[in-house]
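A short worksheet on the structure shown next.
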């Protein structure tokens, strides 16, 4: 049975979608994120991220704002999300400034990706001041 976005609970600038489905967890996804600084050879600790879901056209709803931990992972992304199109934004300028990097090319890295029901999606980001790489991890 297809999940639908039923309503939103608003907390500040975040809106948390509620799911309506025949069975709890049916058709939902989970997501994780890991950020590595390839220039320093370390996890990118303290990087802010913003996860949004595309509702329709250019309309996006904020799902989660988080910060990477000492291992470069964002561990508090909500569980049981609705499958669909998501945008994850990494605030690289703030990270580079806090790590005393004066010259960098990408102040923000934003990726848009599509999810399918009943799967886990791992979103890795490998960054350096003048480049980045991402892929669908496992």
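The backbone N, Cα and C atoms fix where each Cβ goes, and this holds for glycine too.
Nobody curates TrEMBL annotations by hand; they come from automatic prediction.
Residues annotated as domain 'Transthyretin/hydroxyisourate hydrolase' in TrEMBL: 31-137. Residues or ranges marked as substrate binding site by TrEMBL: 34, 73, 135.
Largest Cα-to-Cα span within the substrate-binding set 34, 73, 135: 15 Å. With helix defined as DSSP H, G or I and strand as E or B, the domain 'Transthyretin/hydroxyisourate hydrolase' (31-137) counts 7 helix, 57 strand, 43 coil. Cβ environment of residue 73 (substrate binding site): 32, 33, 34, 35, 43 lie under 8 Å away, each six or more residues apart in the same chain.
Under a cutoff of 8 A between CB atoms, and with a sequence separation of 6+ in the same chain, the neighbours of residue 135 (substrate binding site) are 124.
If you average pLDDT over the domain 'Transthyretin/hydroxyisourate hydrolase' (31-137) in this model, you get 97. Packing around residue 34 (substrate binding site) is summarised by its Cβ count: 18 other Cβ atoms lie within 10 angstroms of its Cβ, all protein chains included.
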